[in-house]
Amino acid sequence: MAVKICIIGAAGRMGKNIAEAVYNNENADAAGAVDRKGSDVLGQNLYETAGCGKGGPVITDDILESAKNADVIIDFTGAEPTYNNLSIYEKAGKPIVIGSTGFSDEQKKAVEKLSEKVPVVLAPNMSLGVNVALELIKEAARLLKGYDIELVETHHNMKKDAPSGTAMAMAEAAAKGAGLNLAENAVYARHGIIGERKPNEIGIQTLRGGDVAGDHTVFFFGNGERIEITHRAHSRKTFAGGAVTAALWLADKPKGMYNMQNVLGLV
Ligand code: NAD
C-alpha cells in the first residue's frame, strides 16, 4: 500500500518538487499539504500548485489537521519554521523527514529531542550523489595527510543560509577523515593581511547567484598537485526524489535519529 505523505512548505521550491516526486511515485501518496499562514496558495490543490497534475490534498496552514491521515511528514520550510513547529510535530506523533538546513547547535539539539519521541531523518542533502561524495571526501582526507583542505559552494540567489548544510556536512566529513576538529579549524572568510595559511585550516567559501541548484567542490591541495571532489546538482529533483525515498524508508522505523547515509544503506 502507498505510504501517505504530508508535505510542509508545499509551495516552496523544494515543496513543489517533492509534490511532483510523490505524484510520480506509485509507492507514495499525498495525504496533506501545509504552507505558512497568509500564503497565497492556501486553499489550492497540491498537485495543481506544483504544476504536475490535477487535484491532490488542499493546502492548509494547519499541520495537525493536514497530517492526521499521513504516515510520514516531510518538512522543507527552513531552519526557523521547522524549529518553531517541533512541538506540533511531537503532538502529531508521525515519522518526519526534515530537509531544512541552517540549524544552530541549539536548534539541532531540539530536533534530536524530537527523535526521542518519533523517528526522524535529518539530512542537509537528500541526493545519492552527495551522500556518496561524503564518503569519498572522508576517505580522501584520511589518505591525503598534510594536504590543504578548502571547500567552495555555490547556490542560487534566494538561498537564506550560508554556508550550505551540504557544505558543512562535507567539511565535517573532511575534518573527520583528517582527524581534525572542524569547529577549531574552519575559516569562513579571508580579507586583508591574513598571514600564512595554518596547516590545519579548513577553508569554507560561499558564492551566491542566479539559479544554481547547488555546486560543491572540496579541494585537497598538495605540493605539485591537487585533487578536487565536485558534486553538481542539475535540478532539485534529485533532492526531492531523495526526500520521498527517505519517507518511504522511515515509515516503519522505530523512533530515533537517522540520516541519509542510513536511508541509502551507505553505513
Ligand atoms: P522556499 O523558500 O522556496 O520554500 C519554503 C516554503 O516553506 C515556502 O513556501 C514558505 O512559505 C513555507 N513556510 C515557511 N514557513 C512555514 C511554516 N511555518 N509552516 C509551513 N510552511 C512554511 O525554500 P526552498 O528552496 O524550498 O528550501 C527550503 C529549505 O530546504 C531550506 O532550508 C533549504 O536550504 C533546504 N533544502 C534542503 C535540501 C536537502 O536535500 N535537504 C535541498 C534543497 C533545499
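Cβ atoms here come from the backbone N, Cα and C positions, even for glycine.
Site annotation for NAD(+) in TrEMBL covers Gly9, Ala10, Ala11, Gly12, Arg13, Met14, Gly99, Ser100, Thr101, Ala123, Pro124, Asn125, Met126, and the matching candidate from Asp35, Asp148 is Asp35.
In this structure, the recorded positions that sit close to ligand 1, with a C-beta under 6 angstroms from any of its atoms, are Gly9, Ala11, Asp35, Arg36, Ser100, chosen from Gly9, Ala11, Asp35, Arg36, Ser100, His155. Cα distances from Ala123 (NAD(+) binding site) to the recorded positions Arg36, His155, His156, Lys159, Gly165 are smallest for Gly165. Ranking the recorded positions Arg13, Arg36, His155, His156, Lys159 by C-beta neighbours within 10 Å puts His155 at the top.
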